[in-house]
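Reviewing the structure listed below.
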Amino acid sequence: MSAQTQTWTPSSWRTKPVAQDVEYPDQNALGKVLNKISSLPPMVTPSEIERLRHQLSAVQRGEAFLLHAGDCAESFDACTHENISSKIGLILSFSLILIWGARLPVVRVGRIAGQYAKPRSSNWEKVDGREVLSFRGDNVNGLDPNDRTPDPERLLSAYFHSTTTLNYIRGLLTSGFASLHHPRDWSLGHVRSVALRAEFEKIVDGLSDALDFARTIGVESERPYEQGGGRGSLGEVDFYTRWVFAVLGLMLAYEEALTREFAVPSGNPTTPGAPRFAQPARRSASKKHHYNTGAHFIWIGDRTRQLDHGHVEYFRGIRNPIGVKVGPTMGEGELVGLLDVVNPDKEAGRVTLITRYGAKKIDSHLEGHIRAVQKSGHPVVWVCDPMHGNTHTASSGLKTRDFAAIIEEITACLRIHTSVGSRMGGVSLEFTGELNDEGYSVTECVGGSMGLSEEELSLRYASFCDPRLNFEQSLDVAFMLSEHYKKEHSGKAVGGGGRANVLYAELGGRSPV
C-alpha cells in the first residue's frame, strides 16, 4: 500500500522504521509523561498556523522574504530574559535591514522556544576516556557524563521552558519592543564595528524621516503601544517558531502527543493595518485537520527523509507548513517523490525546501533539483541554508564555519535560481545575539567584516552544538542581501559599493550574480 492511499492517523508513523530515535529504559514513565503532555494546552493555535501558511504562499510568489534563524540548539539554562531579548532583537535588526533594501515584508520563523535537542551520528561517545551515551540535548539527557540516561521528565521540562519562552516573546511583541519607532533598542549597542553601526544608523535615520512623514499626513496619528493599548501597524510583527523534536526524529511520540484535531479556522483576523500579504482568505470551518500544536513550522531533516520511514509518514498528515532539508545526497527523483507524498494536492504554502549543499557542491546539485521540481509542478518555497554544508574543524579542535564560504553559498544560490527562472525565497541561518558577561559577542565562526581568526575562536565560544554567526557577522549577511535586492528591484547590476565591497572581497572580488 502506498503512502498516499494508506490511512493516516497521528500514530500511523509507529508502523514504520524511525531513524535517530531515542531509547527510554522506562517505557511506563515515558507513557505517563506523554499522556500528561497530550492533556496540556496547545502552545500555538490553528489560526496562527493558517496565517503562516498564507504568508509562506506569498514568499513563494516573490511577495515576501522568509528569515528562518536562531540557535542551533538551546539549553534550559539559557532560558533567560536577556538571551531571549537579544535573539529577538537580532532577528528584528536583520529583518529591518532586509525590508529597507528589498522593500518586501519579512516572514520571521525563529529557531527558538524548543531547540532542546540535537542529532548524533553515534549513540555513544567517549568523554575523558570513558564511553557513555551521547548527549542528545536537554530534553533527553544531561551534558554531565553521569547524567546520560534518557529521562522522560525532561520532555515535560522542555514543554514548560518552551511555553515560558513563547510567553515572554509574545509579551515583548505586544509591549512595543518590536516597534519601528525605536529600532536602536534591538541590542545594537554592543556592536564594535564602526562601519556596521554607521550603516545601520543610516537606515534608522531614513526610517525616522519616513515615520515623521507618515505621521504628518495622518497615516499613523498615535503610538498606541506607548499607552498600553494595541500595537498598531508599526508596532506589530508576526513571529513564528519551529521545534526540533520531529525534525531530527528524537521523539515522534512527543509530536504525536502534541497533535490535535481542529476545524480549519473560518476566519483569521489580523490587526488593522497589517500588510495585505498577511490576510488569509476566509474558508469553511466544516472540515477538521490535525495540527502539530507545539510549533507553527517543523521540518524533515536530511537524515530522516526516507520515504518509507516514520518521519515522512507523520509529516504527510499534519496541516502545519513543513520544511524539507535538501542536501547533496538527495536524488532528483527522490525529491519529487517526497513532495508527492507530503503535498499530493500541491497546495501553496505547504512545503519549504531548505537547501544545504556546501559552497563547493551547490553548483553540482541545486540546478538539477530546481528543474526537477519545476517539471513536477509542485509549488515550493526555496530557502538557502548556507551553514550546515560549510562546517569544518579548526586546528584547535573546535567546530567552526568560514564566513566566506557562507557568503559564497548564498551568492551561488541567488545566481543559480536567477539562471533557471526561479527565486531564492529566504535564508536559514544559525546566529545568536548572545553576549558574555563583558558584553562581547560569541566567537564561533571565522571571518566577516570583523575579521575573526581561528586563533580567536576560543575567546567566547559558547555553543554546545553547531557554530553560530554572531551579531556583527549576522548583520554583514543582512546588508549583503539588502544591497542585492535593492539593486535587483532598481534594475541595476549587482556589484560593488557599500558593505558589498567588504563581503565580495572575501570571495576574491566575485559578485553574487
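Glycine too: its Cβ is placed from the backbone N, Cα and C atoms.
No curator has checked TrEMBL annotations; they are predicted automatically.
The annotation Mn(2+) binding site is assigned in TrEMBL to Cys72, His388, Glu430, Asp466. Around Glu430 (Mn(2+) binding site), the C-beta neighbours below 8 angstroms that are at least 6 residues distant in the chain are Ala69, Gly70, Asp71, Cys72, Arg111, Met387, Asp466, Pro467, Arg468, Leu469.
Residues or ranges marked as phosphoenolpyruvate binding site in TrEMBL: Arg111, Lys325, Arg356.
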Phosphoenolpyruvate site, defined by Arg111, Lys325, Arg356: further same-chain residues with Cβ within 8 Å of the Cβ centre: His68, Trp299, Gly301, Asp302, Gly323, Ile354, Asp385, Met387, His388, Ser428
Distance [Cα-Cα, Å, rounded] between Lys325 (phosphoenolpyruvate binding site) and His388 (Mn(2+) binding site): 10
Cα separation, Arg356 (phosphoenolpyruvate binding site) to His388 (Mn(2+) binding site) (Å, whole number): 6
Largest separation between Cα atoms (Å) of residues that the record links to phosphoenolpyruvate, namely Arg111, Lys325, Arg356: 17
Non-site residues, in chain order, whose CB comes within 8 A of the mean position of the CB atoms of Cys72, His388, Glu430, Asp466 at Mn(2+): Met387, Thr391, Cys465, Pro467, Arg468
